[in-house]
Amino acid sequence: MPVSAISASTVTTSSSPQVSPIMSPETTQLTTNNSSIQGSPDGPRGRESDFPLPPFELPESIDSRKSSQSAMSDALQLSKSPGLIRRLSNRATQLAGRRRQSSTTAMSRDHSTGPVIMRRRSDSTNTAPDGGRGAIFSDSDSDNGDFREDMYYPSMDGNRDFPSTTASIGSSTVPASSPGPGPVIPRILLQGTNLTKVTKKKKKLLTFILEKEAAKVSWDKNRPSKSFYIDDIKDIRAGVDARNYRQEFGVSAADESRFFSIVYAVPDKQNGRAQKVMHLIASDEQTFDLWTTTLDAISKHRQDLMASLSSFHDKAVKAYWRSEMNKLFQDKAHAEDDEEIDIVGVERLCRSLHIYGSSTDLRSRFDQADVSRSGRLNFVEFQEFVKLMKRREDVRAIYREWASDSNKGITLPEFLEFLKTVQHENVDADRPHWESIFAKFARRSKPKEQSQLMALEGEVPCMNETALSSYLISTFNIPLRSFPSQVAFNRPLNEYYISSSHNTYLLGRQVAGQSSVEAYISALNRGCRCVEVDCWNGSDGPVVMHGRTLTRQVSFADVMSTISKYAFVKSPYPLWISLEVHCSSVQQETMAEIIKKTCGSKLVTEPLDSCTDRLPSPDQLLNRILIKVKKPRLSEDITAVERSTGRNRGNSLNSPYIRPLQLDNSTVSAGLLPPSPYAPRRKIVKGNQFKYSGSEGQDSLSSSTSDSESLTEDPNRSKDKKYKTSNIIKVLGELGVYSAGLKFTGFDNQESKSYNHVFSFMENTFDKNSRAPDDKRAITRHNMQYMMRVYPNGWRVASTNFDPLKYWRRGVQMVALNWQTYDLGMQMNDAMFAGGGDQSGYVLKPKDLSSEIAGAGHVKRERKNVNFSIDVISAQQLMRPKNIPSSRSVDPYIEVEVYHADDKTKDNKGVVGEGGRNASAKDGFSGLGTPHKRRTQIMPENCFNPVFNEKFSFALTTKYPDLVFVRWTVRCSTNGNEYNDKPLPLATYTAKLSSLKQGYRTLPLYDNNGDQFLFSTLFCRIKIEPHTSIYVNGPESSTSEREGVFKTIRQTVFNRTPMSPKASVDSGHQ
């Protein structure tokens, strides 16, 4: 099998002469919708293996495997990088030690049926079906209810895999008509082969064994932590895709054909799940191919198998029954009537498929199917049990409402009317499309022979209850708007919100995390359009790292090569690279050379139109890379620059002193830091010198100094045109064609009116200087014409995120977040860029944030009344909380929160909600940072198919109707009676209201790391009323006051007077 198969989720092997371990004998092509292996944007490459692979064998019986009792725990666990243990304090060492995977935890996953997490698609080789719709069944599709609804992955699908690829019990949806026989595991891998494990410090020859029953790879049987599960593999890199790692670890180019890297998740009790990369060298090319192709094949097959069995796919059920009987009778001859399964076997099956329901309900279904009352089920009775498990009572009510004759089913006119009035689909725009969907579901809901007979007799096809259930969770019923076939991004760049990342190079915390190109690959594969690169002097050229911290470094050349390679995997719209430069002039020259070499023709090096004074549009910059960097210095006299900016040995890049545990971006309370070995310095303001003291300013616990945030200075200083604030050399600074970073000295300065400038502010600086109404309006008006970036405070040592709504409502284009942390802020960011054309990574700002209508002085201002309702109907196959005892029941409930961008005021209560239980703040007011929250009832002992049937209605008046977000959260009661929001949620889903489609929708659920569950979903009905307008009085301010805003902006916006208490602005990087 070619090596390229490892880096593509769509694997075509018809050209390969040998049998691949990921192909079944019945097919020559395998399309994997949910490959765990990430794709390379460069397409196929590599060589054909020159040895035959063994034939297929059937997978082991699932019933013989011990099920995982803590699937949620396993899905949410991670681990820290091992190098930290030696360098942190004793207390931190103990904590890190406790994060090691225990043998008990390891054993709990051994013999697991398959994964519970859906791997994100990350390649660019996928092609969307014609017309931008889900693939429709062909005549060769399996019959008798075996549906196949392929997930629609447009070229810009954001980072969401919608639930149509899930294996919800209520559907027969599977990744393919059948997963087929499992891949053969070559005997030599079961026995163990020698591979060289490569680390920074050494190369060590170890014996790697593939454990078939546990589905994991181990290299020390006496230490369970020395292993990883195949279900946790996120990517396998080989050849050119792994070259940067090979070079970084000093592996010879001669070994490239045998060198490969495995990216996998590891458990971490504190953070849920972290990522590791293992680098290996095979002894020969045959061993290399065996490991890479076999791991890829097993990973794909286990996910397909899990999806098929969890959906009780007919063929999968038959295969399961046959394997059970073969095991029971040990392949001995026996009568078919002797084949039976008892309640214990059924319970074991359900546990292995992560079905957590009441034992009473399970027994009730078993008894209903046990027609013979023998306490055991034959195959026919077992099939009836499966039908009872698949039945969706919540869908049955919808079916009976719309089917005029429930015995026959829903007719085509009834289905189309349902789509129009309830689902709000534009049926008339493409009626043949919807008619073909109806025909396929109607036909596939009946046996093939019956369908053919009905067609011959001219009987009108109808959609039965099973078909309707399958449609509701299919790709044709996704909850968010699809990417439109035609969309224009023709407004200037400053009129868009841009999906932006902060400290993109980090995989973990910003104090002691790991810098890696993997972080860039992840962000770009998820649709990020602005990445950050923090550059420092390195012994062999510039490196990327978080300065003055314990984070590891990575080569700048590797970072730029990776960015260039993956820049347009998810979106063809322009990518911004935000440079934070701490390098010497010599290494800056090297940086410029590397950027030009790696980006090539994609790099923007000069204005598209030298005659214009406004930024180009995203459409004009398709597949182009923009560099954001500080404006270059006016003089090449480095000494003069260093003297004028107050640089000294203490913060020099060549200083022998390394400050311990330094954070980034901001002043931090002394109570949070260890005692400093340095006495605080005090500078006296003299003439043209900056003022700073202690940790403020250039000597702060900071990674860098922002383009825009400036220390307090003499008010008259800005008049000195020769004053230099940048150490960026010309050859590098000139690359900032449309994004030249400036030090902020006021909006009224001539430089601040240049069309291509960018201001960058740390969140704390922005917040404390944007409280007064005039300040807010001044910032908003600036952002109508020019660019601004806001990034998190340095005291966020765990890389948490702020509320992005704060900055979006002020028109900030680049609201940069820590993408490695999937908290509320990141969930909102994902939702912001998840639906429709927003998947491009560019969202057009509301009109009143991109035109003068938002300026001061308007007598009447428009507000929007927003009214909508959400019916939380049911949930499907929710996971158990981590670390919960196996004997304890799970009692779930759902929270629905509404977030909006308006301030809380006495006159405006914010969101008014009805239904369920109000769990909002005690004062009942909602606004920025305080959501309106409502809860369903608690459903005792049912994580399998809880039915809530609760309707929540919401109403609010807002300035920003496009900035309303809804979050669904699944939680677990502590005792079946009390609500508990302290532990981490079981699952979440967040959406922007304007991106949601109406009607009955199946919502995907995500764990606390942002990974989608394979089969856990929510089923809701969404209704959104048309917005209505009202007009309110604008602020009272005189014309002279309004005209004076820009003249006094340095005093009014950032209070930059010499004696102001805000004089010392936190320094920090972009």
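In case you wondered, yes, glycine gets a Cβ from its N, Cα and C as well.
A TrEMBL annotation is a machine prediction, not a hand-curated record.
The compositional bias 'Low complexity' feature in TrEMBL is assigned to 1-22, 693-709. What TrEMBL records for 25-39, 67-80 is compositional bias 'Polar residues'. Marked as domain 'EF-hand' by TrEMBL: 357-392. Annotation source TrEMBL lists domain 'PI-PLC Y-box' at 732-849. Annotation comment: TrEMBL describes 849-1007 as domain 'C2'. If you look up TrEMBL, you'll see 1-149, 691-720, 906-932 marked as region 'Disordered'.
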- Note on the structure: What DSSP reports for the domain 'EF-hand' (357-392) is 23 helix, 2 strand, 11 coil
- Message: Let's see if you can do this one: DSSP helix, strand and coil counts over the domain 'PI-PLC Y-box' (732-849), in that order.
- Response: 45 helix, 20 strand, 53 coil
- Please spell out the DSSP helix, strand and coil residue counts for the region 'Disordered' (906-932). 0 helix, 8 strand, 19 coil
- Message: On average, what pLDDT score does this prediction assign to the domain 'EF-hand' (357-392)?
- Response: 86
